[in-house]
Amino acid sequence: MGSSGFSWKLPDHPKLPKDKTIGLIVLDGWGEANPDRYNCIHVADTPTMDSLKKGAPEHWRLLKAHGKAVGLPTEDDMGNSEVGHNALGAGRIYAQGAKLVDLALESGKIYDGEGFKYIKESFETGTLHLIGLLSDGGVHSRLDQVQLLLKGASERGAKRIRVHILTDGRDVLDGSSVGFVETLENDLAKLREKGIDAQIASGGGRMYVTMDRYENDWEVVKRGWDAQVLGEAPHKFKSALEAVKTLRAEPKANDQYLPPFVIVDDSGKSVGPIVDGDAVVTFNFRADRMVMIAKALENENFDKFDRVRFPKIRYAGMLQYDGELKLPSHYLVSPPEIERTSGEYLVHNGVRTFACSETVKFGHVTFFWNGNRSGYFNPEMEEYVEIPSDSGITFNVQPKMKAIEIAEKARDAILSRKFHQVRVNLPNGDMVGHTGDIEATVVACKAADDAVKMILDAIERVGGIYVVTADHGNAEDMVKRSKSGEPLLDKNGKIQILTSHTLQPVPIAIGGPGLAPGVRFRNDVPTGGLANVAATVINLHGYEAPSDYETTLIEVVDS
Ligand SMILES: O=C(O)[C@@H](CO)OP(=O)(O)O
Ligand SMILES: [Mn+2]
Ligand SMILES: [Mn+2]
């Protein structure tokens, strides 16, 4: 115990035993919605998840996974993996990046911070480059924040501004890139009227350029580096609007995967390479898909690809993306201080943990789960296993992904009896849902269900407990709908495919032979959300949760 009286030691739960093996499964992108043909979870054969639902209301219920329940600015904000896993692991609701940036821009505090002062030093003689995802999706970034930042920076001395855009089509409708570029072009034209030399300098689709995560494919980051820093790309255009319109006219074009392009002047020279003396801001607030580019921009020693040039710049992230690595070292807004997560408590109380997913979601059950912190709390108590994801494909061609491999690892970890908590993320519903391919998403949901079964069977064999939940919706609704819930059609009478997450609640189910008789979901937490899961799991490990955690979902009635 420290001098403040703080202790990592958790009190024993008055009724629940310790040392049970808990299989903790997060189905990524698995929400609950009305059954219809665009609900891939409903269409798919999912006997395991269906059978868990029969345990309602005592052993199955729904949780809020979007909006304020996960620390997002409004109830119109869909859930996402970062905020979802943060809430699941931390057991409290933190104002998240989106909200913190809103507040800092609203109050103007963003301009008084260390990060802005640092980049401002370059405004007199250098160019300010803004790199990030151009949409109003609100998962990684938001256009209105970029607009405010452009205004604020230009009013505070930025004379030459270059924006390097990444088109979305994942958190927003495919094809919406054109509209976002138009809006940005208008804003930049207005700045030019005021004598500021401002324009878009390069671009590319988010899944093909820059925004890789968890080191799945450094080529993605390199393609961005070449366009943004070196001013080189296979496609050259006079304007960004012309670029996106032309590239989208290609057969099978998709905003998520637009090839990299640079904007060139009349002499064919790129208008905005990043050079010595410039300032750079990566304006995404969300961490996972910014960590790799942040390393390329910041690290003196870097061997992931040949940077050709490593310009001496002043670089700041919108937020600091990794609290443990302190990356990047300069940032405009302080990230939420997520501390004392359930993982850290459990390690201090002798609970051994195993966590596993495939590369594309590996950081979700480790880094996000632990409050955007990389690495182990205590390597003696934890083991994290990453199964390499397929790279260079869209997951509708491999909808089963590595679900079975993840389940096998979890099964083996459970049967080894070395761990008290075996935690996995099953990516299928989400990663395939984002492709907008309905048939493939149905296959994906079945694969996830098969994986759940394998893990539950192992829990059965060791007399353990399972907790099955999800981080946000995706696969349960694949069509854009009117307010009354009718599928919306586009100009050609085709349904508008929804590639994004949703506002839907997610299920949570508990059970297994190790679940003490009399444990059931309370009925007095009707608005429970993802942040209530941590206390619940801590109870199932035989401990009382810390008093400032969101309340547990369970009670133990005498039977
Ligand atoms: O792929 C991603 O980056 C997001 C969507 O933008 O999905 P998730 O939050 O499920 O990781
Ligand atoms: Mn997710
Ligand atoms: Mn997703």
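Note that Cβ sites are derived from N, Cα and C of the backbone, with glycine treated the same way.
Nobody curates TrEMBL annotations by hand; they come from automatic prediction.
For the Mn(2+) 2 site, TrEMBL gives S81, D471, H472; the one candidate out of D28, D136, D412, D524 that the record lists there too is D28. TrEMBL lists D430, H434 as Mn(2+) 1-binding residues, and of the candidates H420, H501 the one it assigns to that same site is H501. Across the structure, S81 (Mn(2+) 2 binding site) and H140 (substrate binding site) are spaced 11 Å apart at their Cα atoms.
For the domain 'Metalloenzyme' (21-544), the model's pLDDT averages out at 98. Rounded to the nearest whole angstrom, the C-alpha distance between H501 (Mn(2+) 1 binding site) and R289 (substrate binding site) is 17. Filtering R213, R289, D430, H472 by Cβ distance to ligand 3 (under 6 A) retains the following binding-site residues: D430. Sequence-distant neighbours of A287 (substrate binding site) (same chain, 6+ residues apart, CB-CB distance under 8 A): E82, G97, L319, Y321, D322, P335, F367, N372.
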